[in-house]
Amino acid sequence: MAFIRKKQQEQLLQLYSKERFSLLLLNLEEYYFEQHTAHHIQRKGFQNERKIRGSLKICSKSVIFEPDAISQPIIKIPLRDCIKIGKHGENGAHRHFANAKSGGISLIFSQVYFIKEHNIVAPYKIERGKMEYVFELDVSGKVEDVVETLLQLHRASCLDKLGDQTAMITAILQSRLARTSFDKNRFQSVSEKLHMECKAEMVTPLVTNPGHVCITDTNLYFQPLNGYPKPVVRITLQDVRRIYKRRHGLMPLGLEVFCTEDDLCSDIYLKFYDPQDRDDLYFYIATYLEHHVAERTAESYTLQWQRGHLSNYQYLLHLNNLADRSCNDLSQYPVFPWIISDYCSSELDLSNPGTFRDLSKPVGALNKERLERLLTRYQEMPEPKFMYGSHYSSPGYVLFYLVRIAPEYMLCLQNGRFDNADRMFNSIAETWKNCLDGATDFKELIPEFYGDDVSFLVNNLKLDLGKRQGGQMVDDVELPSWAQSPEDFLQKSKDALESNYVSEHLHEWIDLIFGYKQKGSEAVGAHNVFHPLTYEGGVDLNSIEDPDEKVAMLTQILEFGQTPKQLFVTPHPRRITPKFKSLSQTSSHNASIADSPVSPAEESFEDLTEESKTLAWNNIAKLQLHEQHKIHKETVTGIAVSCNGSSVFTTSQDSTLKMFSKQSKMLQRSISFSNMALSSCLLLPGDATVISSSWDNNVYFYSIAFGRRQDTLMGHDDAVSKICWHDNRLYSASWDSTVKVWSAVPAEMTGTKRHQFDMLAELEHDVSVDTISLNAASTLLVSGTKEGTVNIWDLTTATLLQQVPCHSGTVCDTAFSPGNSRHVLSTGEDGCVNVIDVQTGMLISSMTSDEPQRCFLWDGNTVLSGSQSGELLVWDLLGGKITERIQGHAGAVTCIWMNEQCSSIITGGEDRQIMFWKLQY
């Protein structure tokens, strides 16, 4: 199929060139400029000096060295991580280079990537720390020019604003293109007549390659600026069968040329810098084609399809092409529908309507209960409204399906990493179920599911894609029981696509994706409304003056995915099918899906306690201050309450842990472990021990029964900012940039035996960690950092699942959604209240206030936050607004506690007070 053919072409080119390097080693939006034969000098100046021969490649954001020996890894040094660039042996990177005899280029940097060692495709290895590499060019006279180029690109990479970086690199690229032109010696014949020459980029999935386009009376040429992967690409005009104007990056700059009639994969895709250049080239080729090839419109293909001259598969290929979908653009990859809904039966019955998916509904509307929740959110949402927080086609989804045949694309998209093993494309049935039930998963399929090549289902490359939570390695895709083999699965999928039922109903899906139900009131009625930025014309990039905003907007749109170009504005006609017994769609075949709960556990527990919690949160705005007590000399930092509610334990920056009696309203104990502030506290099960974290790097265990410090855990190199506890495991966050997981065997009841601590895991961060929180099952941990990043960790494997930079300052507090743990809410110094989808890492909601939100409680829909000013704010997440402001402390609200019934709340603040709140309703 499309992507598979493209991969085969690239593999042939790489065999021809004997290179391991590809443009996929570059970052997104990065350019490869030039290469030089060179040696990597190891242990320069020592007796055991070693030279590794290879190719030094200068790129817009990195330096890449590809050794000739495949046993050696490719080296990639990001320019932004370079500390100094210059000639080896000279002091300072900016010294004037005169009388150079040495061909050595010195790079001093803080981070390097090692890639494709032994030519094995695997996640990149990263080495951090200050180091120096020396590269010696074969042509020493080029050293000065190369160093000056590197210094210029380094300055661009170090600019603060992404928009400024892009602008400077673009200027460098355009300068290089302006100094060169197409080499006319590359013409196939000396008699060719030149008609047009201009600058452009050749587009392939995830990457583009700049160069010069030239068209003559017989050929179309593209000459890459860097000569990669070959000096010139030639398309004979006589072979051209179809050409299409394309949107690229939402701009009318693309042109795709096909030399076949039915193949989805083009022969060349070009992106121009000037729309006029694109239009002129299109006009010339179109004029040539008028004399050779009949023009095809969507309507002409429709007629062929209706009358049975085109299969359902072929027709969908043509519609995708006409709607700007291309296998060269992963943000607009061809989209195909889920057809089969039965992945459990041992036999596939294509005569049973219940076997098929309801093609009149988008994926997001197939589950009735999920749709009701989405519609509730949609109705309460301010303009511009949308029903679905993610799209049905995006680069991530395409590579989710294709990772086994396109691993380097996945590594390129995800900065050198594969996705978490449990989120991989592991099973057809699991993927379908998640599309039905997942809170943010509405993805459709790709053409490969209805093609002939099974390689995307089989791990033929023997890739190490990780180990799942159950212990099994990710290998071949698990097939439904009705499929005897991958070949059998594809054949039955094709049979289903071409079945009588699908032929009778495919027009309904076309209405949704390419037709009149794509936009406007018809889309609303069909529950088919996606984010406005995904639609053609949804944003005018030329109207955005701020370069940072423009780059961010374009990146968001490309990563999110794009809705196809609308081809039909009236209902699509049905296919003319043989007069067999009608397999008209019934409502019953979707009943089991539509009526089933998203998760049985979510629906089965509706006792009085749950009802009381719901009632409490529905009335949270009626919170009333009951009493308040000033028991500390500095800011209150933590609150813990005994099971019976009688004793309240608090920590403070005054370095004390205090025990307050709620009944007598008296301070019962005051304990000081050191002269440093305490940052948080919690009670262990049984209420016999209270734990406090301290800025003195320690965690203290205090025996309530024996009234003394029972133990001290000296586990960090800087202040401990937050602690959590579950099932004899302690989780400690610190300003030393780590979160540590400890096995803490409890002390004996005598109070004399100390705890036994064993560190089980260390979760490393780049900066200090200010807050952590566990999900209910303690399988996930979320951490918030000083620089505004929210990290979601899988505790079963101690691996990072998501890293979301969603705050512009310190993250103050984080928590998983109660019960299902599908979302994480975070508040920060920037005043933002953000909701992140755990599975995808997508920021699905972000609301702002005019002051920092220091702490919060939430039930998944409503948030009660403590603000810098001392107010308690009530947030309606679905409505996207603050519904109530409750006066509270005289300074910032710094900590908050709620009982299990959600009827009693205690807050602590900078005003040194603890406040007791009651719900009045």
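Along the chain as shown, the residues are counted starting at 1.
Here the Cβ of each residue, glycine as well, is placed from N, Cα and C on the backbone.
Residues or ranges marked as domain 'BEACH-type PH' in TrEMBL: 189-286.
Per TrEMBL, the feature domain 'BEACH' maps to 290-575.
Taken from TrEMBL, the feature region 'Disordered' covers 581-600.
According to TrEMBL, the feature compositional bias 'Polar residues' maps to 582-593.
Taking the repeat 'WD' (713-752) as a whole, pLDDT averages 87 in the prediction. Feature annotation from TrEMBL assigns repeat 'WD' to 713-752 (among others).
For 762-803 (among others), the entry in TrEMBL reads repeat 'WD'. Among residues of the same chain six or more beyond the repeat 'WD' (762-803), those with a C-beta under 8 A of the stretch's C-beta atoms are 420, 422-423, 467, 469, 718, 721-722, 724, 726-727, 729, 731, 733-741, 809-816, 818-819, 821, 824, 826, 828, 830, 834, 836, 838, 840-841.
Summarising the annotation, TrEMBL assigns repeat 'WD' to 886-921 (among others). Within its own chain, the repeat 'WD' (886-921) is flanked in space by residues 609, 612-613, 615-617, 619-641, 645, 648, 650, 652, 654, 660, 662, 680, 852, 854-857, 859, 864-874, which lie at least six positions past its ends and keep a Cβ under 8 Å from the stretch.
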(request) Write out how many residues of the repeat 'WD' (762-803) are helix, how many strand and how many coil, based on DSSP. (result) 0 helix, 26 strand, 16 coil
(message) When secondary structure is assigned with DSSP, how many helix, strand and coil residues does the domain 'BEACH-type PH' (189-286) contain?
(response) 15 helix, 51 strand, 32 coil
